[in-house]
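What follows is a set of notes on a single structure, which appears directly below.
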Amino acid sequence: MSTLVCQAVAAPVWSNGARTRRIRDADGEYRCTQCDMGFDSMTMARPVNHCCDGIMIDEYNLYDDDPIMHLVDSKTPIKRGSQETEGDGMAAEAIKVTGAEPVNCFMVGTIKCKINENSIVAKGVMAAIPRQLTQDEVFMRKARLQAAVAKSTIEREEKERQFAFSKLEEKLRARREKLKDGIVIKTRKGLEWREATPNQQRGKLQSTSFDASGGKTLTPHTIYCKTKSSKFSNGGVKCATSKKMRTVRKPQSLKMKTESIDVLIEQVMTIAGKHAKQVTLIDKQKTNRVWIRRVNGVRLLQVETKHHKGIISQKDASLNNLTKRVARHFARKTAYIHPSDSITHGHSGVVFLRANISGSKSYSIDDLFVVRGKRNGKLMESRNKVAWRKMFQIDHFSIVGIKIWNAFDAEYVKLRDESVSDHDCVGGITPEECGILAAQILRVFYPCWRITCTKCISNWLSKPTSEQIEHIYERGNLAIQDLNKRIPSAHHVTQMVELLRQRIKNTTFDMGNNTKVHELIGHRQDGVFRHLNRLNNSILAANGSSTIEWESMNESLLELARWHNKRTESIASGGISSFRNKISAKAQINFALMCDNQLDTNGNFVWGERGYHAKRFFSEFFTKIDPKDGYSHHTVRATPTGVRHLAIGNLIIPGDLQKLREKLEGVSITAVGISEKCVSRRNGDFVYPCSCVTSENGKPVLSDVILPTRNHLVIGNTGDPKLVDLPKTETGRMWIAKEGYCYINIFFAMLVNVSEKDAKDFTKFVRDEIMPQLGKWPTMMDVATACYKLAIIYPDVRDAQLPRILVDHSEQIFHVIDSYGSMTTGYHILKAGTVSQLISFAHGALLGEMKMYRVGGTQKMEINMCCCQRKNLLIKQLIRAIYRPKLLTEIIETEPFVLMLAIVSPSILKAMFRSGTFNQAIKFYMHRSKPTAQTLAFLEALSERVSRSRVLSEQFNIIDGALKELKSLANMSMRTQHTYPIVQNQLDIMIERVSADAELLRDGFVVSKGRVQALIEKKLSRRPEKFLHRLAICTTIATNYVIFKSEAWFWRIVRKQRLELFQGSMDGAFELIFGRRQTDHPLGAHKVAADVSKWW
């Protein structure tokens, strides 16, 4: 600003009108245009680069070193740029604002001056200086000029700010609308927008309403400050702002102890060895691929070497520190000394401890020894660098495959013909697939275990030609199937093998089967036999065909003819006499017992984790046998309806051969022939697995003495049984199933086929879900249903073989034979041999008596022995549960038939109705068992009818009238609970008593039972009150409240119904006496109803 003032006062000009400036003074210094200080550089001479105090007053009028405007004549042509013109215009405007007036008339910049007519300035001569200003004029002009410049600067900056913020406002308007309903929070990653919670939105609304209530709007405004007169504003100064630095958080390093690292190494390598996987060990950008290898029964680490990859180098391998640590971890576990002769092909890369190898060996750099091969009988270390000539003398222990490939490649190239095709060969089959093709073809024509074995070659050549042809035919079929699945593009090989198979097989077949078919059904031309004879004649006419399907067609035709012949005979007879159910001569195959991974070195089944989880069966459903007491306690196995003699006593072997032969004679029962009890039908056809086994003549096959074994699980119902060692227990004692739980051996046999990972869930499910539902001596239908449930959850158990199951038709019992055999003979044998066949008993469409047989016997004897005791105990438990919700819930969920024992007393029925017991039970079984829910609904209706009656004899009559219907509903419900037979027995007793009383009354006798019923009811009615008084105060209050509410609701309904009944009776009486209805009588229904309501 001071510069503009100086420019307005005086300026040197040249004659041509151009502005000039003294760059340096006489002393050669640069001068400041404000304070006239001298500097050595032009940069420091600028006012902004030093503490400039401005020009002094005394120096102002004498200052002539500034670049000032030229005063030019009007006739002098001036060529100026647009920027210079604009600057002169601003200076002129500033002079006009300050009110400065030049002498006579002159212009600044392009303004013409007419001081004289002639040119006032010659070339290189300064123009005349205007008159000297006083101190006050200079101060006033400075102040006005400063204010004008400040005002124009503020206006320009305001316009720029508004322009900049208008653009920013447009960009941020959409974002501000989006963020209106949310909040911006600061997180570790920066600022984030989140949707505002209801409380935050409420706070924003309150703050908005508070601002609106004031009626004031805050707008940005500018505050101007007056500066001192001795200072001049040079505009804003750019200031540096602080920048938020990103904080880099270093991840915490994981530190493990040596023991933890060893455990980690052991677990990782164990998993890798179990699944035959390779592990890559990385340490400081050096990697080693390793795996587990057993050498002489010891687990050691094997490292991938260069000659594994087909690279022969002087130094075969290198180990990083981590690999060395893992190798030492495995090598130090054993002190076994490995002879050098036992280390052979396949052991290259195995890491031993050098001290654990005996024999000739090369040196090693540390205590480890990595096998490479042998040279002159000496073991070579892979990490040692060998000479070039010695490298090819080493017999590497894994280079056999490379030798085969090199020989094959060289021979194939030598034998192939020159290419005469018109195309370029393109590789479409990988070398690995070529190796598979060569192996398959070699296996078809050359079935040797090792291709280098001369003994295998001799054995193959010694076989007859027919066996060799048969092998090529069968093996070729397997090769075709394998190649079609693995290498679909190898159709040229499969086509040639198939062509060879068709040629080597004899195209003719034996016509003996056709002759047998003609002998069987040739004379019959009715129905389907006419078509069968036509098919037989067509086959005879097509003899000599080259396809193999004709032979299978002959065999199928023969079986079809036999089946139709037998079926026709059976339908014609229409009886059981034609039933044949021969047992298979071959034992069924159980693949779980054939898997090598589940067998030990002796071929015995290895339970693994299954044996550990099988303890749940032993602890709950088995009893220990103490050999010290002898086996006499277990020789006779009692059942509820009889006994069965076990062969456990035969484990004691006498020295006398005669006595030993006597033990082979069993205890025979009465033999029973084949009848309808022995068969099961579905849709009119026999279901053979659910029927008894017969011989070829139709007679039943009877069981013989079954020899015992010690600590074995005997499975297999046909053929020779299979013995599986029971899981080893801590005590090592013998176990026998508890009475009524002999069917646990079926689930034990299913455990063999369950995988180890599912063994825990399987045993828990059987113990906690299946066994409580079945209980003691369940029916075969219930056992089959449980097996069906397990087969859905664990599909592997469908093929599980069953123990031998014997059938006793006289007592309607199934005996599941365990390892202690049976001395009792004469039982029928059930044909079902697998779980899937046993599940057929669960079908509702299956007809036959055997599905209702008990597995172990019925419960009649047990019920008769302690019927009264158990019934009284259950009634007492039921009364206690009326006012105890937890006990009541347990009874409802486990034994719902206990609720039916409430029919022994009307007071128990009324108490259960008032407490809502039946309603709770109905809700529980509504979607679980509809028959059970219907039975409970009938009990609720019966208890309501009993509650409405006030007379004891009438209440008993209501109960007696509903007994038959209640029994029919109970028969349709689930019968797997333990209390079902007790309830059924109580119902039978009450029904027989009612029928006997009715016969006595019909014959004219008087039945006096009122006093007995009153005494029983008096005794039972006190028990609910007695148990109610024993409850806690809070429980008593809650129970009384529930009873009060239910009684109030019930008597409100009863009172209304009785009132309606009484009004109906009164209407009939009024109409009969007065000839009109009581509503027309002065003593209307309102008064009568009011009086009656008072009475009731």
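The chain as shown is numbered from 1 upward.
For all residues, glycine too, the Cβ spot is worked out from N, Cα and C.
Mapped onto DSSP classes, the domain 'Peptidase S30' (255-397) shows 38 helix, 44 strand, 61 coil. What Swiss-Prot lists as domain 'Peptidase S30' is 255-397, and the listing cites sequence analysis.
What Swiss-Prot lists as active site, for P1 proteinase activity is His307 (among others).
If you look up Swiss-Prot, you'll see Asp316 (among others) marked as active site, for P1 proteinase activity, on the strength of sequence analysis. The Cβ neighbour count for Asp316 (active site, for P1 proteinase activity), using a 10 Å radius over every protein chain in view, is 28.
Feature annotation from Swiss-Prot assigns active site, for P1 proteinase activity to Ser348 (among others). The C-beta environment of Ser348 (active site, for P1 proteinase activity), restricted to residues of the same chain at least 6 apart in sequence and closer than 8 Å, consists of Thr305, His307, His308, Val371, Arg372, Gly373, Ser382, His396, Phe397, Ser398.
With helix defined as DSSP H, G or I and strand as E or B, the motif 'Involved in interaction with stylet and aphid transmission' (450-453) counts 0 helix, 0 strand, 4 coil. If you look up Swiss-Prot, you'll see 450-453 marked as motif 'Involved in interaction with stylet and aphid transmission'.
If you look up Swiss-Prot, you'll see 734-856 marked as domain 'Peptidase C6', on the strength of sequence analysis.
Using a 10 Å radius centred on the Cβ of Cys742 (active site, for helper component proteinase activity) and all shown protein chains, the other Cβ atoms total 26. The feature active site, for helper component proteinase activity is assigned by Swiss-Prot to Cys742 (among others).
Counting every protein chain shown, the Cβ of His815 (active site, for helper component proteinase activity) has 25 other Cβ atoms within 10 Å. Look at His815 (active site, for helper component proteinase activity): DSSP puts it in a strand. For His815 (among others), the entry in Swiss-Prot reads active site, for helper component proteinase activity.
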For the domain 'Peptidase C6' (734-856), residues assigned helix / strand / coil by DSSP:
59 helix, 24 strand, 40 coil
Let me know how many other Cβ atoms fall within 10 Å of the Cβ of His307 (active site, for P1 proteinase activity).
22
